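Undergrad: Found this in Swiss-Prot, in case it helps:
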- 1-28: region 'Disordered' (REGION)
- 1-12: compositional bias 'Basic and acidic residues' (COMPBIAS)
- 37-57: transmembrane segment (TRANSMEM)
- 58-67: topological domain 'Lumenal' (TOPO_DOM)
- 68-88: transmembrane segment (TRANSMEM)
- 108-126: transmembrane segment (TRANSMEM)
- 127-130: topological domain 'Lumenal' (TOPO_DOM)
- 131-153: transmembrane segment (TRANSMEM)
- 162-184: transmembrane segment (TRANSMEM)
- 185-199: topological domain 'Lumenal' (TOPO_DOM)
- 200-220: transmembrane segment (TRANSMEM)
- 243-263: transmembrane segment (TRANSMEM)
- 264-274: topological domain 'Lumenal' (TOPO_DOM)
- 275-295: transmembrane segment (TRANSMEM)
- 304-324: transmembrane segment (TRANSMEM)
- 328-348: transmembrane segment (TRANSMEM)
Amino acid sequence: MSDDKKSDDYRVDMPSSRTSRAPSPIMRPALKSAPSLTENPMAAVLAYCASSILMTVTNKYVLSGVDFNLNFFLLCVQSVVCVTAISICKAAGLITYRDFNTDEAKKWFPISLLLIGMIYTGTWALKYLSIPVYTIFKNLTIILIAYGEVLWFGGSVTPMTLFSFGLMVLSSIIAAWADIQHALNSFGQQSEAANEALSTMHAGYLWMAFNCVCSATYLLSMRKRIKLTNFKDYDTMYYNNLLTIPILLVASILVEDWSSANIQKNFPPEQRNTVIMVMVISGMSTVFISYTSAWAVRVTSSTTYSMVGALNKLPIAISGLVFFDAPVTFGSVSAIFVGFVSGIVYAVAKVRQNSKPKTVLPTTNIPLSASSRSMQDSLKA
């Protein structure tokens with residue numbers, strides 16, 4: 001473009017008495033198109049919270065059956081549903097992930113074993129404990145992961161993070177105390193029903209301790225292995241679920257009772273279709289959690305995502321009070337509140353820690369993939 005042409009662009013011609021100019025067209029501002037639903041941060045956050053609640057409630061519904069004991073079979077059904085769902089999505093061109101590779105499967109197989117340990121112990125803990133207590137105690141996994149990062153990845157724990165850990169421990173103590181007091185007040189101090197309720201709770205706490213250790217080990221190991229395999233979101237989901245199917249199926253056949261009498265107990269005729277449908281929905285919810293987690297990470301900031309992870313504990317705990325008639329006492333509500341505050345304090349502490357300028361190599365805050373985040377959040381439920 002020449003200089004004369006540029007000057008013409010900024011020149012204003014004065015109208016001549018001998019000539020007339022046509023009126024200039026009225027310039028209207030361009031209308032902005034409304035943002036699509038997939039770019040809406042609020043929709044992503046609500047979908048993420050809803051999928052977390054859906055998975056917790058459906059699992060609790062199946063596991064809270066009086067005689068349900070086919071936990072390996074439940075996990076196998078969930079894995080089959082998940083692999084089927086993402087395979088259909090890949091065939092439809094909605095998502096992409098790597099094709100099965102034997103060498104990659106061998107590298108990832110130990111992670112799948114740890115995943116089985118984490119989910120299996122979690123099912124027994126969720127069976128014996130109420131959803132609010134389970135959610136509160138799940139916070140203790142964060143403490144183990146934090147100190148695991150200190151040992152394995154050279155991480156650090158700030159004073160504010162340490163304060164949030166103290167609140168997490170306090171909320172767990174309050175929840176256990178409230179649970180025990182409710183059992184004693186409901187059934188009497190020395191009654192057989194009270195002793196049975198206490199033994200059930202103690203079994204739940206023991207399974208919860210195993211679950212916290214397994215969860216921390218799984219997540220730390222997966223973080224290390226993802227760096228070696230360079231897996232993306234759906235790669236991790238695909239291999240995690242595909243490799244666990246044969247293990248869970250064999251474990252169910254060898255360990256669990258498949259007699260006709262036990263099948264009748266696990267799937268009573270009047271509830272059989274409902275239980276099977278809920279098992280399938282719980283498998284689909286794992287896909288929903290992974291997708292909505294990745295969606296929330298994409299359309300929100302890391303700060304918002306961290307805060308959503310903390311705030312998500314409250315509706316999950318409340319869902320246990322609403323859907324499963326968990327005891328609503330001063331102690332249980334206080335435990336939920338303290339656990340909720342501890343999550344917020346922890347999220348703020350991590351945001352502040354990550355916002356500090358890094359003067360050394362970034363070995364302390366290597367981000368997890370969205371799939372590992374979604375798996376960790378779904379099991380905090």
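Quick reminder: no glycine exception, Cβ is built from N, Cα and C everywhere.
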Undergrad: Would you say the transmembrane segment (275-295) and the transmembrane segment (108-126) are touching, if the rule is that at least three C-beta pairs must lie under 8 angstroms and be 6 or more residues apart?
TA: no
Undergrad: Counting CB pairs under 8 Å, which listed stretch among 37-57, 131-153, 243-263, 275-295, 328-348 touches the transmembrane segment (200-220) the most?
TA: 131-153
Undergrad: For the transmembrane segment (162-184), which partner among 131-153, 243-263, 275-295 gives the most CB pairs under 8 Å?
TA: 131-153
Undergrad: Out of 131-153, 243-263, 275-295, 328-348, what stretch is closest in contact terms to the transmembrane segment (68-88), meaning most Cβ pairs under 8 angstroms?
TA: 243-263
Undergrad: Let me know the model's mean pLDDT on the topological domain 'Lumenal' (185-199).
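TA: The average pLDDT of the model in the topological domain 'Lumenal' (185-199) works out to 72.
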Undergrad: Considering only the recorded stretches 37-57, 131-153, 243-263, 275-295, state which has the highest number of Cβ pairs under 8 Å to the transmembrane segment (328-348).
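TA: Answer is 131-153, with the largest number of Cβ pairs below 8 Å.
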Undergrad: Can you find at least 3 Cβ pairs under 8 Å between the transmembrane segment (275-295) and the transmembrane segment (131-153), where each pair is 6 or more residues apart in sequence?
TA: no
Undergrad: List, by number or range, the same-chain residues at least 6 past the topological domain 'Lumenal' (127-130) whose CB is under 8 A from its CB atoms?
TA: 63-64, 68, 71, 137, 179, 200-201, 203-205, 207-208, 320, 324, 326-327
Undergrad: Is it possible to list how many residues within the topological domain 'Lumenal' (264-274) are helical, extended or coil according to DSSP?
TA: 6 helix, 0 strand, 5 coil
